[in-house]
Amino acid sequence: MAITRWFFSTNHKDIGTLYLVFGAWAGMVGTALSLLIRAELSQPGALLGDDQIYNVIVTAHAFVMIFFMVMPIMIGGFGNWLIPLMIGAPDMAFPRMNNMSFWLLPPSFLLLLASSGVEAGAGTGWTVYPPLAGNLAHAGASVDLTIFSLHLAGISSILGAINFITTIINMKPPAISQYQTPLFVWAVLVTAVLLLLSLPVLAAGITMLLTDRNLNTTFFDPAGGGDPILYQHLFWFFGHPEVYILILPGFGMISHIVAYYSGKKEPFGYMGMVWAMMAIGLLGFIVWAHHMFTVGMDVDTRAYFTSATMIIAIPTGVKVFSWLATLHGGSIKWETPLLWALGFIFLFTVGGLTGIVLANSSLDIVLHDTYYVVAHFHYVLSMGAVFAIMGAFVHWFPLFTGYTLHSTWTKIHFGIMFIGVNLTFFPQHFLGLAGMPRRYSDYPDAYTLWNTISSIGSLISLVAVIMFLFILWEAFAAKREVASIEMTSTNVEWLHGCPPPYHTFEEPAFVQVQAS
């Protein structure tokens, strides 16, 4: 197995594996950072030192989890592995560009880590707002390195998005219409369009910040006629679609898992699911200012962003109830991926409800920058995106490797993780309602109890992460090979066996279209 196989690979399966391994490694880095945060907050008083180092850790935690864990695993890992198999394509449309998309990520990660190692680090929060991110409050190279890191990650994602859009539109067998493709393919298509439209705006914003810092421009400096609010608009025009980019592939994976373990041949309301994802993608672009309710917008502007944000709950509700309808009347197979999917549906819905609370501009004025917001987005990320990733991983692991995971241990792992994340993030709702602000390393004694409980929860999650590594080791050590696969119309990716050959669909698949 020459090293060139991995460095120069143009094979979608190899590149998908690289993404999965990279994402798992980054996930462990991000978990370590989050444990530092929870250790600092486990009791009043200082542990790490000042708030600069604390905020550097918070900022790095966010960037690592978003750009180097969730996106590489969901889009790069599962997207690369599954989409060519699901649509019957021999590979991605641009296999060498696919390789470059991956190899831009390790240098990007390196730059992010370097930003923590020089000067005082980038303690700006992942939003990198000026004037805090300007060259007075953050002198030195830290923020500049962070900006370059984001540039590389952004280029990687844009190239990947172009690749997925081209592949999905161009590389299906002619007989298959777009409306016969699996929901995961649709999810990644919508995600790729969102990436393609939002990332250039982020690039513009952070490039202007870079020139403000180094070339004496004043895009975000009132002294020269600029406005820091402009940066917020540019950032959140990317930042809000970004959170849908993080969850949409998860929606696709959950649809597959729920349909498969319900014994159904298709998810309930396939077209409704497709339209819902497209509606979420569209609406995701016109609600960005709900992150900025505290900057002093007109009341009519606030009214618009409040109502537009609430409208997103409708297509989301369509998806949640369609998953429940898919489960209804099925012969349920109670295997671990379904447990993750059920956990996803329940906890994502809880996170969505707190999102509806925060959509109210008047309430958000009070709750903005408190732990209520932290609890909200960790419910949809730490229990939405991550649960979808875990469910998809235990579901498709036999496809990727040809080996099966130990079903009892994966169920125990699910139980530990479920307890851990809920114990970590549920109390944060109470902290937020009691007014505890985000991004501070210390707090008044009144907040001690819930913070201590939250930190204990984070340690339980750590146990789950370590157990997951053990489960992985056990599967590769025991080498239980997959005996047989139930083929239905919805799991075509398993057609070639486990694992599939290195090259699949080398000649176009024969597709028989049913006369309906």
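Glycine residues also receive a Cβ, built from the backbone N, Cα and C atoms like all the rest.
Swiss-Prot names GLU40, GLY45 for binding Na(+). Of SER441, SER454, SER455, the residue it gives for the same site is SER441.
Swiss-Prot assigns PHE8 and ASP221 to topological domains bearing different names, which places them on different sides of the membrane.
Checking the candidates HIS233, HIS240, HIS328 against Swiss-Prot: the one annotated together with HIS290, HIS291 at the Cu cation site is HIS240. Sequence-remote contacts of a segment are chain residues at least 6 beyond its ends whose Cβ falls under 8 Å from one of its Cβ atoms, and for the transmembrane segment (12-40) they are 5-6, 46-48, 54, 57-58, 60-61, 64-65, 68-70, 72-73, 76-84, 91-92, 95, 98-99, 102, 105-106, 109, 400, 424, 441, 454-455, 458-459, 461-462, 465, 499-500, 502. Only pairs six or more apart in sequence are counted, and the transmembrane segment (407-433) with the transmembrane segment (336-357) gives three or more Cβ pairs under 8 Å, enough to call it a contact. A 10 Å cutoff on Cβ-Cβ distances gives HIS368 (Mg(2+) binding site) a total of 19 other Cβ atoms nearby, all chains included. For the transmembrane segment (228-261), the residues of the chain that approach it from at least six positions outside its boundaries are 66, 70-71, 74-75, 78-79, 127-131, 182-188, 190-191, 194-195, 197-199, 201-202, 204-205, 208-209, 219-222, 267, 273, 277, 280-281, 284-285, 287-292, 295, 319, 323, 326-327, 332-335, 337-338, 340-341, 344-345, 348, 377, 380-381, 384-385, 387-389, 391-392, 395, 488, 490-491, judged by C-beta separation under 8 angstroms.
Looking only at the binding-site residues HIS61, HIS368, ASP369, HIS378, the one with its C-alpha closest to TYR244 (O2 binding site) is HIS378. Counting Cβ atoms from all protein chains shown, TYR244 (O2 binding site) has 21 others lying within 10 Å of its own Cβ.
In this structure, the CA atom of HIS378 (Fe(II)-heme a binding site) is 15 Å away from the CA atom of HIS368 (Mg(2+) binding site). Taking the C-alpha positions, the distance from HIS61 (Fe(II)-heme a binding site) to HIS368 (Mg(2+) binding site) comes to 20 Å.
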